[in-house]
Amino acid sequence: MIDLRYSSGNIFSESVHEIGIIALGSFLENHGSALPIDTDAKIASYIALNVSIITGAKFLGIVLPSTEYSYVKHGIHDSIEDVINYIKYLVENGRKIGIKKFLIINCHGGNTIIEDELLKLNSKDCFITMNSVCLTHASTEEVSLGYAVGILSEDKMKDHDPKVYGEIGMVGLTEAREKNEAIDLEAKSVEENGVFLDKVNGKSLLNDLINNYVEIVKNMI
């Protein structure tokens, strides 16, 4: 039996090895002209990996499936069951390497509908929590955050217009706006204020998100 040196390296404490971080986003979803279709997955992975590096918690990778409200039609998504089953796979294998607590960093609003099913995976010796970052779709905050992460094409911002790409702010997603008041309010805000790149705010938002998740990990130790 190998004696592992759990105290080695830049970590908060040896107990942090019992915490696993999972990224959750969406891989196949339109985000206008300036952001890639896997924006949510890349932002979630970027934050999760950086939190892992800072704290010493284990980065377990990203969930491949994602889900969405049935009336939001801007991408290709999976069932709640598909997402939960993939999380189960990561949790089961994470427990084999000594992980007892799991933090899911979710950066896709549609995935919040898994929360009730996710709670059922908790047990007395396995704790799972999901904390979500939900920004107005492909709009100012997400564009600026995408810039900070390094996935935004500034050249394509000139064409990043909700009148052309209806998924921006969900301005053109009529059914979603009719069925979800929060979506409609966000869409109206985008219609009134437009979409622009704020580089300073993007970097600040990214740092704040990373620091927030670092604190969550600290509280899980």
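Each Cβ is built from the backbone N, Cα and C atoms, and glycine gets one as well.
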| field | One of Asp38, Asp40, Asp116 listed by Swiss-Prot as binding Fe cation 1 at the site of Glu29, His108 | value | Asp40
| Taking the centroid of the Cβ atoms of Glu29, Asp40, His108 (Fe cation 1 site), which other same-chain residues have Cβ within 8 Å of it? | Gly25, Ser26, Phe27, Asp38, Thr39, Ala41, Ser66, Gly75, Cys107, Gly109, Gly110, Asn111
| note | Whole-Å Cα distance, His108 (Fe cation 1 binding site) to His31 (Fe cation 2 binding site), is 12
| Are there any residues in the same chain, six or more apart in sequence, whose C-beta is under 8 angstroms from the C-beta of Asp40 (Fe cation 1 binding site), and if so which? | Gly25, Ser26, Glu29, Ser66, Cys107, His108
